[in-house]
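Database features, via TrEMBL:
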- 21-41: transmembrane segment (TRANSMEM)
- 28-479: domain 'Major facilitator superfamily (MFS) profile' (DOMAIN)
- 84-102: transmembrane segment (TRANSMEM)
- 114-133: transmembrane segment (TRANSMEM)
- 139-161: transmembrane segment (TRANSMEM)
- 173-194: transmembrane segment (TRANSMEM)
- 206-226: transmembrane segment (TRANSMEM)
- 287-312: transmembrane segment (TRANSMEM)
- 324-345: transmembrane segment (TRANSMEM)
- 352-374: transmembrane segment (TRANSMEM)
- 386-407: transmembrane segment (TRANSMEM)
- 428-448: transmembrane segment (TRANSMEM)
- 454-475: transmembrane segment (TRANSMEM)
Amino acid sequence: MPAGGFAGPTGNGGTEFEAKITPIVIISCIMAATGGLMFGYDVGVSGGVTSMAPFLKKFFPVVYRKTQDKTADSSNYCKYDNQGLQMFTSSLYLAALIATFFASYTTRKLGRRLTMLIAGVFFLIGTALNAAAQDLAMLIIGRILLGCGVGFANQAVPLFLSEMAPTRIRGGLNILFQLNVTLGILFANLINYGTEKIEGGWGWRLSLGLAGIPAGLLTVGALLVVDTPNSLIERGHLEEGKAVLKRIRGTDNVEPEYLELVEASRIAKEVKHPFRNLLKRRNRPQLIIAASLQIFQQFTGINAIMFYAPVIFNTVGFGGDASLYSAVIIGAVNVVSTLVSIYSVDKLGRRMLLLEAGAQMFLSQVVIAVILGIKVTDHSENLGKGYGILVVVLVCTYVSAFAWSWGPLGWLIPSETFPLETRSAGQSVTVCMNMLFTFVIAQSFLSMLCHFKFGIFLFFSGWVFIMSFFVLFLLPETKNIPIEEMTERVWKKHWYWKRYMDDYEGVAAVTKGENKNGHDYEGVAAVTNGENKNGQEGKRMLSIWKALLKVKIKMGTIRDLILLLSCKLETMGSSPTRT
């Protein structure tokens, strides 16, 4: 895509602010997205080390004996059913769930950049404890600190990416976070495959310790990048915010976008309790969509596959090397498919990717369940080479669909739909819901596998069916919509969610647009940022009345409109200075 800036109609009929695709934006987004690399590495490495015999022998001897005893009466599906083993994996997500509420405060008060720095520090300390762990308590404490890092990173990074990116490539740049998650999983699988062969039984320490590399990258990146204009303006640094906006957009013509950010910040500052405000009727659609996407994302079953891919393949009869090798293949498919999403999300749109992937995931999971139901019994020794390859292919088909849909879009859509006044709180709820249900799946999956057996895939496929209908009827398209215009151009026009939108937010909230006769007008928000001198009162009066034409006047709102107009007239009668 060329780097030239433009301002013109977008694919959805609005006006896009002038912006070039500048090196500072690309570099900043790549460095920030390393938070996803750390998250992905944690997801991938936990599944690998829990299938390594030396690790199990040291920390989970009961599981180790169960996997080594070939004469045991227990089911193949139940070899790894152990609450302590599941707690090792899931403790990270429970910590992330709690940390995200603190991260919401730091994101709003300290900025996106400093929140990412805090995440990097948590990652580094947690990695050191994990690599040096001498007992289960030390191991779990390290995982909890890593979880705090995940909570802070997942709160700040998606917001940082959405706010830095020009509208027309916002989807692609935001998905850099998910791309790094998939790269982290792939790197973890490759490292696990290598360290498992190390003599002396200390390979798992190297696997856990190498998490320090992405942790270091995030920490250094947070020190080098600039904060977003949205965050700077929200915290009162107007001139610095405007200067950063000029740098990242590659043009001096940023006044329209700057004024929109200032107005959004003004509204945001009026909100003293963002979490309480999030529960108001007009914010309900964004909240429901964000929470639902996180629940559905986890009930696709993807993290069950990614956490325990080596364990699953061991369960269905693959050897230790073969199971890790298969997990590497899945990780590679995950990365390539995420690249597909980066290319297509701003062309095909969010809904198209989600709906296509829903059909693909549903069919692949049903076929996997049928094969495992026929070929894998409680005490079968081997799935067989042909069926084994088919299962890997079907899992890859499923993973590829997730990687270009629910994986990246589960983070992208919430980060771009909340208004500025509730964006940090909304992202906090998003991360909280994601971590809560990730914890639920991580803590229960091995037990579910033991009891459901092959039916676990039918369980997840049923959820995929439900979530596809949710997307079809309730998820609006947000492709090519400027982030601060979502309310006017998405929620107020959706067939269902528009009933939750207030008819007006006061005259000051009316921005540039068209009245029904097709005449352009300047809303009061824009006028009050303009000049008020040399007899401009008449022009102000005309602007006010034209703005009022945009408002749907109902019987219950006439009094409020008159009061607003009176206040504005009193302001006009004061000194002719800039308001």
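The backbone N, Cα and C atoms fix where each Cβ goes, and this holds for glycine too.
Against the transmembrane segment (386-407), stretch 173-194 has more CB pairs under 8 A than any other of 139-161, 173-194, 454-475. Fewer than three CB pairs closer than 8 A are found between the transmembrane segment (454-475) and the transmembrane segment (324-345), and contact between the two stretches is not assigned (pairs 6 or more residues apart). Listed stretches 84-102, 139-161, 428-448 were compared with the transmembrane segment (21-41); the greatest number of C-beta pairs under 8 angstroms is found for 139-161. For the transmembrane segment (139-161), the list of distant contacts is 28-29, 32-33, 35-36, 38-39, 42, 59, 87-88, 91-100, 102-104, 106-107, 112-113, 115-116, 118-123, 125-130, 133, 170, 173-174, 176-177, 208, 211, 215, 218, 225, 228, 411-412, 414-415, 423-424, 427-428, 431, 434-435: same-chain residues at least six beyond its ends, Cβ to Cβ under 8 Å. For the domain 'Major facilitator superfamily (MFS) profile' (28-479), the model's average pLDDT works out to 85.
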